[in-house]
């Protein structure tokens, strides 16, 4: 039975009692729990701005530890080279983090969430670019789905939308660069702890010159091991104690920078003249171009501003960046350049050499803490991004532990933490110096910048509907700038740049494999859905018994009867008294309000069977409830649906009988009588037990498939599926209530 709404006939009392699901008009609007607009009061914004200092800026704030040594690995050839490089770093900080991210990209958030997947989800709401065809009309009624169709006046946006939806190549390209960006962030996550901790610990050689670099490495390794070991406790346990530490760090580096500027050479301020950048390139040619790979390290961690937006708001990040981060690091870089003008031989360890002697130990301790916090922020960002990829079927199933009751984005992924931890320790031992790690570091950073630029261009065309000259200027300026940096970094590919690149490609290949088979499996089920007449014949068989209890059969399909159902009935010729085809569906939005979670439909014949379809909708940051809580909520909403269905049936009967709407109290009374028995039956069957049914699909490449497809499906995907988390564990389904049905899909 399908239920449809007739707004004109429904009385106010009926409207009040209806649940707003897929069969009743627009969903009830609820307010988003995070404000990212202008409505935030300034006291709250200032508080968030302070907190963001500790969470967002750890990485970019610790870059002064190693930027000059990475930019001048062979020493300073000419005193004015320092002015040119300083000018280059200042304008890089202004152009990419400040102009691009702080004042443009942050506004392309997905209901307050940022990052590569947030951009992809934002685009996918305005154009059907997702590979799995599980869109439903009612999804647009969810409160924070909030799409605005391109207006007829702006034909360009309609044209872009049409091209994206009609081109498989465009869909694949968008998805590919999205997972590449995610993979690059993961590659960045392996290098940030290594270079940050190693550069901070290296300062100890100033007071203990007898220590070798290898000994410094072995001091750094235990710190890294402790860092990765405590991830399971979550950042919330020490959370916003980060802000005071990083604030002290910024005060120290700004003060020391101002001191060096005043004591050594105040004229270094002429670096604000961009002509010194041109002079630097004229004087050094190819060497200047190669040095870009070191200079770009001054903006590592910039993507974290966007990825961590969900914890703060736009104004808070704009305030903390322009008033705290930029002045502090700019003063630090200017002070270091002023110091190096007098002592160019100290470029290999600029940060610690430029410290006033009495401040060495306090700064050393704070530097170690800041390096750990920088690593922590990068790891938290990597976990958060992957947790968004999981619900969209873009990453193999792994355990996601929510470490904070207050901040939903704070998660921990044990398998990924172990992988990054091993890689980070191995990189530290293998590369040993910050200069060597710096060669490998930049490639991930700049490629993520470039990917964001391309996705932002699509957002401007499709969603913001910005004028073409502005879009062209944005694309040309940032693509050209990022290409210059990327080309320089790639020149160091053989010196270490290959490492994060290969790591990212392997991770990307695993994500692509998982998603490819996931999509193919969905299409197979969609192509083999059970026709209604076959469903009726199946339930009418004499050997099919009606057994007590509630059965939940999990399926990815949001429409139709999955092919595993006939298999189940053949093996166990019985159907539960209350049977629900259960689909867990993730929408391309961060959150779905609990009131809008479920949509129901009655399916199959009524005779002796109560069979329903239920789609439970989640955002990509919504945690799944435990099995017990989920089942209780589901059955509660099912009883509400049964009641609303009865209300609607009575209302339709009243209208069909010429009552013209009739007495609302009479309608409700008849509805209550119709629904009471069915609600009692649902309660009774729930008391008798709940059984979870799942199809254990063995996916194989169809006969005649190419060798590559056989390898991807039969070996890579199968090995991933068997060695990673099982689906019932991801759903927290108790084993003693689980029944699996084996089935083979040839795709």
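Cβ atoms here come from the backbone N, Cα and C positions, even for glycine.
Relative to the membrane, residue 197 and residue 468 are listed by Swiss-Prot as lying on separate sides.
Given the ranges 140-160, 266-286, 497-517, 518-538, the record in Swiss-Prot names 497-517 as transmembrane segment. Feature annotation (Swiss-Prot): of 16-36, 289-309, the stretch labelled transmembrane segment is 289-309. Of all ranges given (238-258, 385-405), Swiss-Prot attaches the label transmembrane segment to 238-258.
Note on Swiss-Prot: of 443-463, 548-568, the range annotated with the feature transmembrane segment is 443-463. For the topological domain 'Cytoplasmic' (231-237), the model's pLDDT averages out at 63. The transmembrane segment (354-374) makes no contact with the transmembrane segment (470-490), as judged by fewer than three Cβ pairs under 8 Å among residues 6 or more apart in sequence. Residues 45-46, 49-50, 52-53, 56-57, 60-61, 63-64, 67-68, 82-83, 85-86, 89-90, 93-94, 97-98, 102, 247, 250-251, 253-254, 256-261, 263-266, 268-269, 271, 298, 305, 346, 350-351, 353-354 of the same chain lie 6 or more positions beyond the ends of the transmembrane segment (319-339) yet place their CB under 8 Å from a CB of it. Scored by C-beta pairs under 8 angstroms, the transmembrane segment (85-105) has its highest count with 443-463, from the stretches 48-68, 210-230, 411-431, 443-463. Within the topological domain 'Extracellular' (432-442), the DSSP-based counts of helix, strand and coil residues read 9 helix, 0 strand, 2 coil. Beyond the transmembrane segment (470-490), the same-chain residues lying 6 or more positions past its ends with a Cβ under 8 Å from any Cβ of the stretch are 95-96, 100, 104, 289-293, 296, 442-443, 446-447, 449-450, 453, 456-457, 460-461, 497. Of the recorded ranges 238-258, 443-463, 497-517, the transmembrane segment (48-68) has the largest number of C-beta contacts under 8 angstroms with 238-258. Put simply, of 238-258, 443-463, 497-517, the stretch with the most CB pairs closer than 8 A to the transmembrane segment (289-309) is 443-463.
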